[in-house]
Amino acid sequence: MTPFSALLSHYRRHPWQGVALATLMLLATALWTGIHHLTSQARASLSQSEQVVEARYQIQRVDGAALSVDDFVALRRQGLCLMPWLEVLPEDESRRVIGVDPLAALCFQGQGDVASFDGQPLRGDPFMDIADAAALPARQAQLFLIVDPDSGALSDDYRITDFSLAPDTGQLGDSFLLNLDALSVLVLLITGLLLRSVYLLSLSQRRDSFALLNRFGVPVRRVRGYLVVELLCLAAVTLIPGILLGQILANALAGGFASVMEGLFDSRQLATAANTWLVPSVVMMTLLLLVCAADWLIPDKLRQSAIVGHRSGGLAGMLLVVGAGGLWLASDLLTLFVAVALVLAGAGLLMPWCLSALSSRLARGCKRPLMRRWWAEYGVLCRRLALPLVALQLSLAMVLAVQALVTTFEATFDRWLEQRLSADYYLEVPTGAEGRTAAHWLAQNLPASSGALWHRVLRGQAQVQLGDEWQAVDVFALAPVGALVTDWELFENVEQPWRKLAAGEGVLVNEQLAYREQLGAGDSLPLKLAGQIISMPILGVYPDYGRPAGEVLMAGDHLPDGFAVSFESFSISPGSIGIEAITGALSELWQEPSLTVRDNLSIRDLANRVFDQTFALTRAMTLLTLALAAVALLLMGWVFLATRLWYFRLLEVWGMARPAIFLRLLSLALMVSLSAAILALPVGIGLTWVLVQRINPLAFGWSLPMDLYPGFWLELLALALVIGVCIGLLMHRQLGRPAVRPSVTGTVTGEER
Amino acid sequence: MEKTLLTVSGLAKSFGRDEAAVSVLANLTFDLPAGGSLALMGRSGSGKSTLLNMLCGLEPPDAGELTLFGQDHRHADWQRLRRGRIGVVFQEANLMPTLSLLDNVRLRASLAGQPEAHCQHWLDVLDIGDLAHRFPDQVSGGQRQRAALAMVFAMSPDLILADEPTGSLDRVTADEVADSLFRLQADTGCALILATHDAELASRCQSTLDLAHRTTAQDAAVSKP
């Protein structure tokens with residue numbers, strides 16, 4: 001019998017404690033690994049997608065037909081530098097692979113080998129040889145022909161377009177991912193708190209054994225060494241399955257996530273092999289050792305004074321003040337994240353201190369001894385369950401913030417869809433065609449009585465004077481200014497902005513330009529347009545949802561002569577007339593057999609479906625975190641209250657009825673969980689504010705609206721009550737069992753003194 | 001001439017600081033020969049447990065000299081001494097709650113470098129051999145104390161420090177445990193320091209040190225019965 005086996009005997013004697021600790025470690029690892037896996041996979045896929053479609057051009061048939069091998073052969077014979085690009089969505093996969101011909105790619109790259117493309121091996125992540133890709137059983141496959149536009153002239157049957165398939169959401173995707181990253185860090189913090197609380201609980205129950213071993217002459221350092229070995233063994237047993245479980249969880253959700261990313265962020269989700277073992281293993285192992293064994297690195301006196309002593313309130317206050325100052329003043333993301341960490345640490349320290357101080361004060365003020373004892377017992381619970389309570393508080397705050405963020409994103413995406421896809425159809429004016437004649441035709445043939453709405457968009461460039469410099473901005477000129485745009489939500493505006501815009505009495509600017517240059521409604525904007533310098537009042541600021549370029553929106557009817565139109569399109573809601581009649585007429589008018597028409601309705605429908613999915617996934621992950629925190633509090637509340645049961649039994653011995661004792665226990669459990677929820681509200685609101693109003697503007701230059709959802713607060717409070725009731729019911733069960741008289745005061749101390 | 005096992009000279013200990021300081025022991029002097037037995041008498045708070053803690057290195061003295069096995073307390077390897085030469089029996093909480101009685105004894109023996117094969121023997125000697133595989137919370141208080149004694153004897157100590165070993169037991173059980181303790185102490189020839197407020201138990205020791213009144217502690221002297 002060795003001291004180490006004697007230490008391990010705790011888990012032989014109390015196997016369920018070992019199982020609970022291991023399970024919590026496993027679940028915590030799985031949770032964080034899952035979230036990390038999803039975000040890193042999404043990030044890697046997005047980055048891969050951006051990389052592979054960057055600055056590439058494709059060939060399309062003018063008649064709109066799909067490209068075939070015959071097209072490839074014909075174009076190659078014309079001497080064009082071409083590469084076939086076969087995108088395949090395999091039957092049992094959620095992400096695409098790309099079949100390429102490395103030999104053909106050589107004419108782009110100038111050098112390389114036949115076993116790789118863009119420096120990446122042809123292993124299917126995402127690139128593979130086109131012959132292998134063609135042989136895959138596929139749900140969907142599409143051939144593209146990537147072309148070097150300078151390699152030769154095209155015949156009239158083909159045209160060159162950008163290799164991009166959907167509207168660009170700009171930085172909206174990056175923003176969403178950044179917020180997910182921030183949440184993943186928060187989940188890591190909560191995971192750490194949970195692990196620490198459960199581990200400390202198991203240690204506290206073994207403290208007598210440690211003391212005894214010390215009396216037997218086993219040095220404290222050696223006992224700590226055994227505990228580290230035990231921890232490593234526990235980690236080996238739980239981390240690997242936890243990581244595996246996290247991956248399974250992530251992969252189960254990844255299909256949905258991939259399609260979400262694909263739908264949302266204009267990036268085809270390509271197969272990307274993420275390294276999912278190393279980072280979670282190292283992070284979780286470090287976290288485990290840090291949260292469980294870090295105490296031994298801090299001198300006892302310092303730890304006692306910092307955590308238990310009266311200074312913790314002051315320390316918490318200081319962290320909060322410094323953190324809040326940082327949040328307000330931070331001018332870069334790093335400072336902001338540090339400030340968030342300080343605020344969370346301050347809030348975490350403050351909560352047990354506050355509740356403990358409150359209970360002491362209320363206990364002192366009580367005249368009835370039983371009530372005084374109730375408040376004292378509440379204080380004991382708050383002190384001894386401080387860590388799981390803080391974990392629950394932060395989890396609730398996170399869920400609150402995520403709920404607000406996701407709902408805000410949801411609403412923002414809706415508005416973005418409304419703005420970008422306001423009409424049912426989007427129609428490009430072909431190169432060389434005259435948009436003005438089409439506008440004339442539409443004005444004559446789409447009467448208001450038909451319910452049809454339309455406008456023409458002329459896109460070009462202008463320069464605005466900002467300080468002493470002139471900067472290029474995009475110009476969107478609309479005509480007519482009608483119901484397709486007048487529903488847009490403006491951040492700020494003058495009186496009747498749309499009427500004045502239509503009358504050419506001013507311009508609207510996008511949020512990005514306004515934020516960057518501190519412009520607002522009513523300001524005057526010097527504008528160099530078609531060689532003329534005019535000064536226009538700003539009628540309002542409209543949200544751009546992440547488009548980084550500065551934009552000026554003006555009336556197309558008041559464009560100066562000589563304005564260079566770089567792109568022209570129509571947005572049309574055809575009403576009762578039908579789009580086929582309109583495209584047929586315009587096709588005839590322009591003498592173009594095939595027009596590029598985008599069905600905005602179906603895109604919006606698809607986008608809505610994937611939005612719903614992504615938001616459901618995000619909510620699911622945060623709710624899992626909350627569930628984990630709730631289970632931890634439940635377990636710890638149960639175990640800890642069991643050690644105090646003896647004192648409640650005394651009440652029974654003194655003549656109190658068991659139902660009355662149960663009510664006291666239940667009310668204590670409810671009060672504790674409800675306290676965590678109530679204190680989570682300000683933290684959650686603060687976190688929401690930081691995410692939408694500070695992180696986003698600092699990272700991307702635009703903000704999301706700060707919306708609060710009080711209905712959800714009530715849901716969280718109800719959830720906290722459910723947790724409290726569960727603890728109370730478990731205690732009710734315990735109350736019926738024989739309680740063990742505490743033999744050593746240290747095992748049941750509530751730090752009452 | 002008897003070989004001296006323990007020499008204490010001018011030993012002092014107080015708790016708290018400045019005005020709140022409470023002197024528990026002051027200018028305490030005594031010695032103990034190898035194989036001898038000494039009873040520490042006194043009311044609760046008189047410093048019996050504190051003295052025992054200092055004698056096994058769990059508390060450092062504030063002043064004075066303490067020499068055990070020829071080693072000065074400042075330089076003694078207390079952990080090694082507690083592992084192999086000093087056996088400590090407290091009033092309660094002597095056993096690892098998660099080990100069976102036999103495993104507790106085996107643990108103590110292995111820490112002292114003694115063979116584990118004899119552990120069952122010590123439980124048998126103390127009349128609890130049939131309870132060897134029970135856990136501490138499955139036996140009575142008297143049986144737990146006997147197991148604690150078995151643990152101490154299994155390590156073959158040179159000195160046993162016993163802090164109220166029968167304090168929580170009924171008279172009959174207390175007598176049985178005390179009988180076992182003194183019988184085995186005589187058989188093995190180890191020294192014994194016993195803290196107790198029981199005069200009858202103290203009278204079974206060769207000498208008594210009265211710590212009853214803190215104010216007179218400095219005048220305390222070993223009295224031969």
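Count begins at 1; order follows the chain as displayed.
Each Cβ is built from the backbone N, Cα and C atoms, and glycine gets one as well.
According to TrEMBL, the protein carries these features:
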DOMAIN    A:183-293  domain 'ABC3 transporter permease C-terminal'
DOMAIN    A:621-734  domain 'ABC3 transporter permease C-terminal'
TRANSMEM  A:182-204  transmembrane segment
TRANSMEM  A:225-257  transmembrane segment
TRANSMEM  A:277-298  transmembrane segment
TRANSMEM  A:310-330  transmembrane segment
TRANSMEM  A:336-364  transmembrane segment
TRANSMEM  A:385-406  transmembrane segment
TRANSMEM  A:623-647  transmembrane segment
TRANSMEM  A:668-692  transmembrane segment
TRANSMEM  A:712-731  transmembrane segment
(request) List the helix, strand and coil residue totals of the domain 'ABC3 transporter permease C-terminal' (A:621-734) as derived from DSSP. (result) 101 helix, 0 strand, 13 coil
(request) Look at every Cβ pair spanning the transmembrane segment (A:668-692) and the transmembrane segment (A:277-298), keep those 6 or more apart in sequence, and say whether at least 3 of them are under 8 Å. (result) no
(request) Count, for each of A:310-330, A:385-406, A:712-731, the Cβ pairs lying under 8 Å from the transmembrane segment (A:182-204), and report the range with the highest count. (result) A:385-406
(request) For the transmembrane segment (A:623-647), could you work out the same-chain residues 6 or more beyond its ends whose Cβ comes under 8 Å from its Cβ atoms? (result) 17, 20, 24, 27-28, 31, 187, 190-191, 194, 197-198, 201, 205, 377, 380-381, 384-385, 388-389, 391-392, 394-396, 398-399, 665, 669, 672-673, 676, 719, 723, 726-727, 730-731, 734-735, 739-742, 747-748, 750
(request) Could you pull the average pLDDT for the domain 'ABC3 transporter permease C-terminal' (A:183-293)? (result) 75
